[in-house]
Amino acid sequence: MLARKTLLGAAWTVSSRLTARAIDFVTLLVLARILTPADFGLTALAATVTIIADMVLEVPTLQALTRLPSVTKSHLDTAFTLSALRGIALTLVLLLVAWPFAQIYQDSRLASLIIVSAIGPLARSLYSPGMVEHTRSLAFRPVFVAEIFGKLAAAIIAATAVRLGAGYWAIVASGIAASLAATSMSYLLAPYRPNLSLSKFREFSAFLGWLSGAQIIIALSWQFDRILLGYSSSKATLGQYTIASDLSVMPTQSLIGPAMQPLMAALSQINQNQDRLRHAYSKASRLTMSLAAPACIGMSLTADLIAEVLLGPQWGEAGLYLRWLALSTVLSAFYQPLHSLALATNRTHLVFRLTLVELCAKIVLMCFGFYFYSLAGVVAARAAVSFIMFVLSLMGARQLVGTSVASEAANLWPIAAACAVMTLLVMGLRYKLPEIHLAAFFELGVISLFGASVYVGALYGFGVRVSSRAGAV
């Protein structure tokens, strides 16, 4: 029963994220055809400050509420109050840093962009905490509705703004519209009367402590490459890199990320049974890699076609960056199930330690790579950091549930072998296809369908079967 509800919840969240990403992707394509790489670089630099401040001051109340044995109105009031205080603090921080940041990067436009962008995180801070009841019962349809409503509003606002000549402001308006619309919809789906109270703060503090520290490190880790490139490269180069980076993580964010929330909820319910927990984690890690690996490798193999077909001729450099950034994302996906496992077992200190190692590795390797090899060195550093996190995830899983490196290797080898077969055959097809003189659009479609078919067939050949039985997790 738990497995069935978990799979259904994962299906809803994955569907939500896929639909949301599809809307985001269409919006991106429209904007990329009209705006320039320099426009995207400028807004990416402003977004870096907003994202870091947003994550540094993140209060993961939803995760804390999910972990509680029961939730009362007092818990919801405390969660809302913490989020509201966080939103106010975030706004003040962005108001304070906007002008100094613009001075450091010698572009006065950044100040106004940062200040206006603060509206989005502030709106998200007022999201209805009542939505957690749906999450706790593994009913993710309301989450789907709220997210898609926000994305549709963002797409409409972005398209309207860019047609009216708003330029790069269309990107900012899109983000604000998404937050306002999703928050408004959350109150329709989970009615809640706001009340300021911190009566249950004690039950949140232990969970929030390590996670809040981890959020600071995660924020810096995720944005360090853009901070480095924004200061040392042109905005056009940063724009090309940003688009490539965003595309490279789209498969994992769309397919894997959404499933981690129901996974954490399910693991929380069996965290007293070590054997079931270990078995559930192994299945989750295998499913994660079976989706992430072929998607990222396939994107790498067709990066030039993706840039040509979807983005247009002015984004040629983005295709080159995408080829290597997509490959660097493959191993990093393995960390996501471990993150959910650590939260489910209340081992948030492990999340903190791993994210600290990741940040330190990024700072050292990216600075070294950029100094000696420019942007190519930054891309190589991202790949090296992904490998480090993969190894640490193996060690973390052994610490939490007792899995061994040998068992995980046995768990993942069919996926690696199937990806190798897919890569070889797709490379062979790409070598032959130019003789047929297909348009780039059709070439991308043919290669994608061929690669997916080969991968599925290879998995079957290596003995992997998909069972429809909803056995116990």
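Note: Cβ is positioned from N, Cα and C throughout, glycine not excepted.
Listed features, source TrEMBL:
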type: TRANSMEM; residues: 38-57; note: transmembrane segment
type: TRANSMEM; residues: 78-102; note: transmembrane segment
type: TRANSMEM; residues: 108-127; note: transmembrane segment
type: TRANSMEM; residues: 139-162; note: transmembrane segment
type: TRANSMEM; residues: 168-192; note: transmembrane segment
type: TRANSMEM; residues: 204-224; note: transmembrane segment
type: TRANSMEM; residues: 320-338; note: transmembrane segment
type: TRANSMEM; residues: 350-373; note: transmembrane segment
type: TRANSMEM; residues: 379-397; note: transmembrane segment
type: TRANSMEM; residues: 409-430; note: transmembrane segment
type: TRANSMEM; residues: 436-460; note: transmembrane segment
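Ranked by Cβ pairs under 8 Å to the transmembrane segment (38-57), the stretches 78-102, 108-127, 139-162, 409-430, 436-460 are led by 108-127. Below 8 angstroms of C-beta separation, residues 240-241, 244-245, 247-249, 251-252, 256-257, 260, 263, 281, 284-285, 288-289, 292-293, 296-297, 299-300, 303-304, 306-307, 354, 375, 379-380, 382-383, 385-387, 389-390, 392-394, 396-397, 400 of the same chain, each at least six residues beyond the ends of the transmembrane segment (320-338), sit close to that stretch.
A Cβ distance under 8 Å defines the sequence-distant neighbours of the transmembrane segment (436-460), meaning residues of its chain 6+ beyond its ends; these are 290, 294, 298, 301-302, 305-306, 308-309, 414-415, 417-419, 421-422, 425-426, 429-430.
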